[in-house]
Amino acid sequence: MASSSMDTEAAGQELKGGGYTVAATAHAVDSDSWQQVGLLLVIGFNCAYVLSFSNLMMAPLGWSWGVACLLLVGAAAWYANWLLAGLHFIDGQRFIRYRDLMGFVFGRRIYYTTYFLQFTTLLLCNMGFILLGARALKAINVEFTQSPARLQWFIAATGIIYFAFAYFVPTISAMRNWLATSAALTLAYDVALLAILIRDGKSNKQKDYNVHGSPAEKVFNALGAVAAILVCNTSGLLPEIQSTVREPAVRGMRRALLLQYTAGAAAYYGISVAGYWAYGSAVSEYLPNELGGPRWAAVLINATAFLQSIVSQHLFAVPIHEAMDTRLQRLEEGMFSRYNLTRRFLARGLIFGFNIFVTALFPFMGDFVNLFGSFALVPLTFMFPSMVVLKIKGKSGGRWGRLWHWGVIIFSSVLCIATTAAAVRLIFNNARIYHFFADM
């Protein structure tokens, strides 16, 4: 197999108590229980993105295909992540980064390919979080004024708040003190949202569940919906999350995944289906825009969704922060030493400054979800784990096992190309009709 020392962040291997080696890192490793990580996954995937999934996942597919794709893609993502969790230890090494695993097995070129795909995914995901948080703040502003501020101002405010949280809560393990608060916020807006959706659904007698558009539009929109379903089920950073799980890390991570794909999926699938049931194919891209009821309910849902997103967005940006912290900070010093605080301020400021700028220029919420779900998450979730299994096991995996994994690789390659084409088409269409100075 190829060498795992792809760059300086993987240098300086440190022997751990379990007899395996771990690449040097500025963040904590082997420190969290599987229950904590499972709760983090449930909270992270029940984030403000859920408020867009009725429109992105169900409306382009309709009832039959929509429910079928929810179940099939969810089950496939669960299996793929279960498989990837079992690849955390190879040849006496614990791989705390996805790119390190791929570089160890396939060499430098795949290392950097994984680096690019993963960080593109996480950057686009963070931009989507900033946009969702900004829309929640603007929705609150609309409730109290007839002339609300422009969306771009809320994008800047959201990005600054996210920056502050990422600065003072620098690692995944450090998020443990915020999980209870985030869980309470998640429960609050889920319950309030479901109550209003049920009431609106019962009172709405003119629901249209037909899938609209030309045949070509229906195909492209359906492919975008499949990408969105993948986004709501997986992250492309499982090895980084698993790095914090205490031994036995493989069994612990698989238990955490079981919690995510049962309790977590029940919540985010439930809201997605309820939103489509209540409003039909006309459901808004941002679900609270459709809600009836008193002003306080709309304010509560938007406020809790925004506050919960502060914690959730950090989970999906931590690998980028870890890479920069490991490269820029002094590993022998604590995370809150003066030198490391200064370096972290500059690193976080660079990341969030860039994301705020790009998000303000191109505030297309659905495009963010579809693009990173198709372009990067398909290979990271399905293709790469099967490639590793084939490389490691070789002929010892059996004929049917090899055929299965080759089938996964070929199918996911085709799916990646098709869904990426659909996402790019959507971006060009929206860019053509969007005017930057229009009031969003």
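The backbone N, Cα and C atoms fix where each Cβ goes, and this holds for glycine too.
Sequence annotations record features per position, and here TrEMBL assigns domain 'Amino acid transporter transmembrane' to 32-423.
Listed by sequence, the residues of this chain that lie at least six past the ends of the transmembrane segment (37-57) yet keep a Cβ under 8 A from its Cβ atoms are 66, 69-70, 128-129, 132-133, 136, 172, 175, 179, 182-183, 186, 190, 193, 224-225, 228-229, 231-233, 235, 241-242, 244-245, 252-253, 255-260, 263-265, 267-268, 271-276, 279, 283-288, 305-306, 308-309, 311-313, 315-316, 365-366, 369-370. According to TrEMBL, the transmembrane segment annotation covers 37-57 (among others).
Annotated transmembrane segment per TrEMBL: 63-90 (among others), in sequence order.
Outside the transmembrane segment (110-131), and at least 6 residues removed from its termini, the chain residues within Cβ reach (under 8 Å) are 6, 47-49, 98-100, 102-103, 155, 158-159, 162, 235-237, 309, 312-313, 316-317, 319-320, 323, 351, 354-356, 358-359, 363, 365, 368-369, 371-372, 375-377, 379-380, 384. The transmembrane segment annotation in TrEMBL covers 110-131 (among others).
Beyond its flanks by at least six residues, the transmembrane segment (151-169) meets 126, 129-131, 133-135, 137-138, 141, 175, 177-178, 306, 310-311, 313-314, 317, 321, 344-345, 348-349, 352-353, 355-356, 359-360, 363, 439-440 of its own chain at Cβ-Cβ distances under 8 Å. What TrEMBL lists as transmembrane segment is 151-169 (among others).
For the transmembrane segment (178-199), same-chain residues at least 6 beyond its ends with a Cβ under 8 Å from one of its own Cβ atoms are 36, 39-40, 42-43, 46, 51, 169, 267, 270-271, 274-275, 277-278, 287-288, 291-293, 297, 300-301, 304-305, 307-308, 311-312. Residues or ranges marked as transmembrane segment in TrEMBL: 178-199 (among others).
The annotation transmembrane segment is assigned in TrEMBL to 258-279 (among others).
Marked as transmembrane segment by TrEMBL: 299-320 (among others).
What TrEMBL records for 345-365 (among others) is transmembrane segment.
For the transmembrane segment (371-392), the list of distant contacts is 1, 76-77, 80-81, 83-84, 87, 90, 98, 101-102, 105-106, 114, 117-118, 120-121, 124-125, 128, 223-224, 227-231, 234-236, 401-402, 405-406, 408-409, 411-413, 415-416, 418-420, 422-424, 427: same-chain residues at least six beyond its ends, Cβ to Cβ under 8 Å. The feature transmembrane segment is assigned by TrEMBL to 371-392 (among others).
Residues or ranges marked as transmembrane segment in TrEMBL: 404-428 (among others).
Counting only same-chain residues 6+ beyond the ends of the transmembrane segment (299-320), those with a CB under 8 A from a CB of the stretch are 27, 40, 43-44, 46-48, 51, 97, 118-119, 122-123, 125-126, 129-130, 132-133, 136-137, 139-140, 143, 158, 161-162, 165-166, 169, 171-172, 175, 178-179, 181-182, 185-186, 188-189, 192-193, 196, 235, 237, 240-241, 288, 291, 351.
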